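In what follows, a single structure is set out as C-alpha cells and then discussed.
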C-alpha cells in the first residue's frame, strides 16, 4: 500500500509506523540523488509558505529548513528566540491559530514537547519538531539516512552512543534503531541506565522501543565500558555534554560524570575497521570555540580529559577518515525536504 503522509505532523517519531519512517529515509535518499535537478527544474510546492519558530538557535536546522523550502518552491519565514511573544505575552494556542491561518506548515525548535503538541492541536497545519528536550526526530532521520547511504542495509548493524545517554539525541537514536532493526548500545553512567529504562518521562518511550525491537529486530543494551561496547560496532556516535540552554557552570559536573566516555581513537580501534563516527554537531573537539577554550583554560589542568579543549570527542577522531559528521549534517537538508514534501505535497 502506498505511503500517504499528507497532512501529518512530525511531532514525535513514535507516532509513525515502521514503514512510514523507512519511507521517509528512502525518500530523502532519492531526493539527494536528484538534488541538482530539483534546484533548477522543479518547484513542487510553489505557492505554499512555511514558518520556522525557534526558541533555540541552530545552524543546521535553520539552514536545512530554509534551503529545503526554497528548493521546493515555498516561501519561508524565520522567527527567532526574540521574534515573537510565543508563550510569553501570547498563549501558545493563540499563536498556533494565527500561524496556522497564514502558513501551510510550522517548524518548531524549542524546549517543551508539550509546545509541539499544542501547535499540532491548534494550528490546523502540519507541524515539524525541529528539536525539543524530549526528542529530535529530524536529526534521527538524517542519522539513519547517513548510515544507510554509507553502510547499506541497516538491519543487524550495530551503533554505539557514548556520553549523555539520557538526552534527546540519544533517545531519538534509540527510537530510530528500533524502527530500522539495528542493535544500539548506550554507553554512559550507570545511574543513567536506570533512568532511561524506568525514569519518569523515559519508561514509556523505552517500552515503546522494546515493542518495536520485537517487531523489527535489533536491540538496546547498556554499558559503562566504552571499549567493550565498541567491539564490532559499525557506527560510533556522541553528542555534547551540555545542551543548548543549560548553564555553563554545569560543565565541571558533566566532565566528572561523562569524561570517561569521551570518544577517542582507542574506542575507534576497538570497533570494526570501517567504523564511521557521527555527531549531530556542533562538536567540542578542539579549543577553537570560546566555550572549549574556556574549558581548557579553567579545567584542563584539573581534568586531563579536556586539557586540549576537546570534550565529547578528541580532535584525532574528528579529523580522521572515520568522521562522517559533515555528510550527516548535509543529510539534514535531504531528510527535512523529504518530511516537508511528504506531509505537504504527496
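Each Cβ is built from the backbone N, Cα and C atoms, and glycine gets one as well.
What Swiss-Prot says about this one:
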type: BINDING; residues: 58, 59, 60, 61, 85, 109, 136, 137, 138, 139, 280, 281, 332; note: carbamoyl phosphate binding site
type: BINDING; residues: 168, 239, 243, 244; note: L-ornithine binding site
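Separation of the C-alpha atoms of residue 168 (L-ornithine binding site) and residue 58 (carbamoyl phosphate binding site): 15 Å, rounded to the nearest whole number. Looking at 138, 168, the binding-site residues in this record, the fewest other C-beta atoms within 10 angstroms of the C-beta turn up around 168.
Taking the C-alpha atom of residue 239 (L-ornithine binding site) as reference, the shortest distance to any of the binding-site residues 60, 136, 138 belongs to 136. When the binding-site residues 60, 136, 332 are compared by the number of other C-beta atoms lying within 10 angstroms of their own C-beta, 60 comes out lowest.
Of all Cα pairs drawn from 58, 59, 60, 61, 85, 109, 136, 137, 138, 139, 280, 281, 332, which the record names as binding carbamoyl phosphate, the longest spans 29 Å. For the recorded site, residue 280 (carbamoyl phosphate binding site), the DSSP three-state label reads coil.
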